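The structure under discussion appears below in the form of structure tokens.
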Protein chains: 2
Amino acid sequence: MSSSAREAILAAAKRTAQAHGYGGLNFRDLAAEVGIKAASIHYHFPSKADLGAAVARRYWEDTAAALESMLAENSDPLRCLQRYPDIFRKALESGNRMCLHSFMAAEHDDLPDAVKQEVQTFADVNVAWLSKVLSAAALAGSEQSEGRARAIFAAIAGAQLLARSRSDLALYDALIASYRAAGLLPA
Amino acid sequence: MSSSAREAILAAAKRTAQAHGYGGLNFRDLAAEVGIKAASIHYHFPSKADLGAAVARRYWEDTAAALESMLAENSDPLRCLQRYPDIFRKALESGNRMCLHSFMAAEHDDLPDAVKQEVQTFADVNVAWLSKVLSAAALAGSEQSEGRARAIFAAIAGAQLLARSRSDLALYDALIASYRAAGLLPA
DNA sequence: ACCTGAACACCGTTCAAGT
DNA sequence: ACCTGAACACCGTTCAAGT
């Protein structure tokens, strides 16, 4: 496969960025992981900005696909809403990693414009999906569903962030339970 | 004043860290801002870890003082709860900066232990204050108040993070309004 | 007490050059 | 097409020296 090096770089960069951010991405470590030299990465991604944008784009593409298949597998939109926090939980389960969007949101001031663009699209994809599911579950009118969707997305990102800072999965679960008890998420 | 250089370093480092994180701190830029040379910072802070820990400590000390004075100025605990999100709003107003705790929570894997310690204390201070105020406002039983306090802290951090990623203060306000509408925050 | 110049080891990034 | 060596810029740190 002619694109296997490129794919391997993308996969390794995604994993690293979820733990160390865009700033934590570095060509030498990445290259070592893939089995080539640091300078060779520039053949596939001319600059770090290009790599970052490609990683962020792939990240939201994968998420969009996962969300769509979740919707396809569950006829009940309420069930989808209940499972949504599991996506963010999985990142914590996998080496206390976090959502790439959240990390890059923090790094906003240091991000090339092309990367910022893809980061925004990740949020848009999640909010649009949540909004659609909220409407389908008749949990929010079509005018309010987007606002509620944004609130859910932001709150879950915050829960993941706090849980990560303690390396505490149980804290994440407790926060999601609190959101449900408070009425932000459906029980 | 014998400590003015030290204080100036702390203040500059705090501002930088709120926009670029611990990783974005560097002695040369910091020194230039303060008007001394990079090597001189080591007289006040032997290592970067020492500086980072001192900044994070000062950050939660300042926050603790602000929270206590808010409580002293407002006899009504409910009023305090309503004003709590303003603290996070002010950081966004000030050059789209964010809570140091949130940024360092993201950077968790790359933080020296002494810094992690202070980051945790910031969360503890906020949660303890929120818990106390929730109980005083009779909005949560003493068993549930800590859980609710954590949920509020995490959700507001998430709102700030999302708003920062768009440089959009109105989005922050909308998210807080959504939290109120959903019942997570008192209206 | 407080500060600095100079040097060190290290690392990410770039680019001209290799095959 | 794909990869690399070597140079470059930068950063945290040290230390002998300065005031």
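Glycine residues also receive a Cβ, built from the backbone N, Cα and C atoms like all the rest.
As annotated in TrEMBL, DNA-binding region covers the listed stretch B:26-45 rather than the other ranges in B:26-45, B:126-145, B:146-165. Across the DNA-binding region (B:26-45), the prediction's mean pLDDT works out to 93. Here the DNA-binding region (B:26-45) is broken down by DSSP into helix, strand and coil counts: 15 helix, 0 strand, 5 coil.
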